[in-house]
Amino acid sequence: MAKENFDRSKPHVNVGTIGHVDHGKTTLTAAITKVLADKGLAEKRDFSQIDNAPEEKERGITINTSHVEYATATRHYAHVDCPGHADYVKNMVTGAAQMDGAILVVAATDGPMPQTREHILLARQVGVPAMVVFMNKVDLVDDPELLELVEMEIRELLSFYNFPGDTMSIIKGSALGGLNADPKWVATIEELMNAVDNDIPIPPRLTDQPFLMPVEDVFSITGRGTVATGRIERGVINSGEGVDIIGFGAENLKSTVTGVEMFRKILDRGEAGDNVGLLLRGIEKESIKRGMVICKPGSVKPHSEFKGEIYVLSKEEGGRHTPFFNKYRPQFYMRTTDVTGEIELPAGTEMVMPGDNITITVKLIAAIALEKGLRFAIREGGRTVGAGQVTEILK
């Protein structure tokens with residue numbers, strides 16, 4: 001088994017294949033695992049294994065996603081591939097599979113198609129930081145001028161959506177040829193992975209980012225003070241460090257962490273991913289509640305107005321049966337709590353149908369800790385009717 005070779009000391013990067021239906025995303029995913037498996041860096045996964053993507057639930061939305069993992073000489077990758085277009089839209093908009101970079105697959109036989117455009121736009125909206133292009137099926141195109149034309153079209157489309165179209169790596173190859181071990185095409189898969197290694201930056205580790213913990217619960221411990229519990233979202237907290245407490249009218253609430261509790265033991269520090277209780281000096285239990293966040297001083301501000309990119313569940317997915325209109329007021333579930341907000345639709349849009357994805361403006365009734373990229377679910381009477389993420393802070 002190749003699994004034993006996985007070297008966890010390599011930096012980890014999340015990638016995914018995007019692009020138009022039938023342009024070869026899944027075949028390329030299979031080809032990458034095959035070429036790397038032949039070097040002992042992955043487990044080979046065949047097309048049908050990847051294509052039969054298991055259903056996953058993310059914030060109440062069912063998404064079909066395939067996850068494969070592989071390594072190159074320098075990195076370890078988790079790679080997502082989705083069978084259907086709707087799955088991509090849901091995946092990218094809800095951030096179910098966070099991508100540090102994307103491999104855009106475009107068939108040389110077709111050139112960019114409607115979903116190519118839509119996936120590039122989505123990648124722009126949800127902030128996929130980097131991309132590499134694989135021009136697939138070039139073995140089926142005899143005319144080199146046609147290949148140049150398709151490359152030009154791809155570059156123009158990328159530039160139109162504010163990606164570096166002029167400089168982005170475009171590798172011309174054949175996923176099927178690579179999968180069938182034809183040396184000429186295997187080389188193009190290797191070239192692609194070199195580009196992915198070089199062009200997609202390693203994301204900053206969660207522990208290197210400024211400390212933030214959403215509050216889940218608050219207790220009062222006699223003689224010790226107030227303890228707020230939650231899962232540390234990012235960063236590191238050490239006993240003795242100062243923090244800000246933000247959201248729901250917590251104005252300039254500051255404190256010092258006098259202890260970090262984990263599994264009933266008092267520790268000196270907690271880091272991203274830990275479920276902890278933070279002992280807070282000089283804070284009344286009444287002044288802090290679920291949904292607030294505790295963070296590194298000055299790192300996050302409370303906001304009440306933002307733009308978001310959302311996916312609205314279809315009726316079949318358990319969403320609304322009817323469209324919603326301007327000034328619709330659902331709850332936005334952010335981190336650990338619901339906040340009511342009013343939705344403003346883009347000019348010229350009268351209503352939003354179940355199954356749509358759209359950019360909206362939201363005014364929340366309370367200011368909470370918000371930042372670009374924060375994900376949320378949209379709920380109505382406790383059931384999820386949509387999901388999305390913050391794309392811009394307005395106020």
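Glycine is no exception: its Cβ is also placed from the backbone N, Cα and C atoms.
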Candidate ranges 81-84, 241-244, 269-272, 353-356 [criterion: Swiss-Prot lists as region 'G3']: 81-84
Feature region 'G1' in Swiss-Prot, mapped to one of the ranges 3-10, 19-26, 51-58: 19-26
Where Swiss-Prot places region 'G4' among the ranges 108-111, 136-139, 224-227, 372-375: 136-139
Correct range for region 'G2' (source Swiss-Prot, candidates 60-64, 90-94, 195-199): 60-64
Spatial neighbours of the region 'G3' (81-84) far in sequence, C-beta under 8 Å, 6+ residues away: 16-17, 21, 25-26, 29, 50-51, 53, 63-66, 68, 91
Residues near LYS25 (GTP binding site) in space but at least six apart in sequence (CB under 8 A): THR17, ILE18, GLY19, ASP81, VAL105
Integer Å distance between the CA atoms belonging to CYS82 (GTP binding site) and THR26 (Mg(2+) binding site): 8
For ASP22 (GTP binding site), the three-state class that DSSP assigns: coil
Mean predicted confidence [pLDDT] for the domain 'tr-type G' (10-205): 89
